């Protein structure tokens, strides 16, 4: 009985530390998302050369979020951030129809990596406020998300500048990371 109560207490009240890797093509909105969730406000961003790392507290989880630049010359460096990753946030510019195939290739390249085999996947279909943005269903189709088997994944429509959908995405991450560990 004591062990059960101890486990229940730890599950409900103890902070859990998790490592999140947030990637996507350049200008998808990764840094805007990171600081909107961290600070609750939109900050002026410049293209990320290298990475930003911040700790975000959400419910009972302390997320260490690594926001890695998405320019094509930087993408080969993503693999250096894979180790010990619990969750992958892949950010897509839903308005960028010309590069959605590039986004799909990068996402599938990553999920086939051995070091990321246990990471859960959250896709943020960002920039939903733009008039020609693809819906989450269309992004799901274009990224071939339904071909991802034996992996937990979820897609969330977002507008980083307004904060729409961000907390719902982190809520999904929290629920699934709590169940996984």
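Any Cβ shown, glycine's included, is placed from N, Cα and C.
Remember, predicted model here, so these are calculated numbers, not experimental data.
Of the candidate ranges 3-16, 17-30, Swiss-Prot annotates residues 3-16 with the feature region 'Important for the stable binding to the membranes'. According to Swiss-Prot, the residue from 160, 180 that belongs to the GTP site alongside 27, 28, 29, 30, 31, 32, 126, 127, 128, 129 is 160.
Spanning the listed GTP site, residues 27, 28, 29, 30, 31, 32, 126, 127, 128, 129, 160 have a farthest Cα to Cα distance of 17 Å. Residue 31 (GTP binding site) falls within a helical segment according to DSSP.
Secondary structure at residue 126 (GTP binding site), as computed by DSSP, is strand. Here the binding-site residues are 27, 29, 31, 160, and the one whose Cβ sees the fewest other Cβ atoms within 10 Å is 27. The binding-site residues examined here are 126, 128; by Cβ neighbour count within 10 Å, the least packed of them is 128.
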